[in-house]
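Some notes on the structure that comes next.
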Amino acid sequence: MPELPEVETVRRTLAGLVRGKTIDAVDVRWTKIIKRPEEPEEFARLLAGQTIQSIGRRGKFLLFHLDDCVMVSHLRMEGKYGLHQNDEPLDKHVHVIFRFTDGSELRYRDVRKFGTMHLFKPGEELTELPLRQLGPEPFSSEFTADYLRERLKKTNRSVKTALLDQRTVVGLGNIYVDEALFRAGIHPEATANKLTKKQTVLLHKEIIQTLKEAVEAGGSTVRSYINSQGEIGMFQLKLFVYGRKDEPCKKCGSPIEKTVVGGRGTHFCIKCQKK
């Protein structure tokens, strides 16, 4: 699933492609993707004639800001946006098509069909699900070391499980939780409320630094991720532990181990991240 760096990269590339374009019509081919309004026909009707003013991001969600509404889109496992001309062949996995007045069209492709789209009035998107319960952005002034420490003190779950909870901080998924924990020298199964202040301060720093570096590298392509211009990310070349089971640790040489934490495959170094 795309995490913050991948979604931010998609946002940046997509904004350059479609900002200022006006929607002529919307073709919904897989209706279950549309979550709000309930009727896909109403979704299409409300978007017709709307111009894309900007594209924002909240956690792993893309926010399309139009004249009179905001579309909140989650890519889930395999969702991708691409700009095409209307005479280009149509892929069978394209499930929503936004046709623009200039003859181009934005196609939403999703092999797994897990993606979602919600339509709101401006401002309403922040007070309703799915955005309402999200925690702070990791690059925001709200996400401080003190905030993280107080949040983790309230749970006896593993620190990995706590960080994957989007109510703690948004944008982190399997890849970047594993990487941040490795950089901070914290075992993924460590109990969240047992971390010391020193550990939490370092973890806070490494979360921000890891995400910053990943955004600068265009995200990580470990399976099928590409941005809206068809380009892969490059941060996978800098990963310390994720996807490196049995390979030598880049710091100590010990083989990277893989276990399951909170139902998620988890990579770590048993020497650098002692329990």
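The first residue you see is number 1, and the count goes up from there.
In case you wondered, yes, glycine gets a Cβ from its N, Cα and C as well.
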Per Swiss-Prot, the range holding zinc finger, considering 100-134, 240-274: 240-274
Long-range Cβ neighbours of the zinc finger (240-274) (under 8 Å; 6 or more residues past either end): 157-158, 160-161, 164, 174-175, 178-179, 181-183, 185-189, 220, 222
By Cα-Cα distance, the member of active-site residues Pro2, Lys60, Arg264 nearest His93 (DNA binding site): Pro2
Across the zinc finger (240-274), average pLDDT on the 0 to 100 scale: 97
CB contacts for Pro2 (active site, schiff-base intermediate with DNA) [other CB atoms within 10 A, all chains]: 26
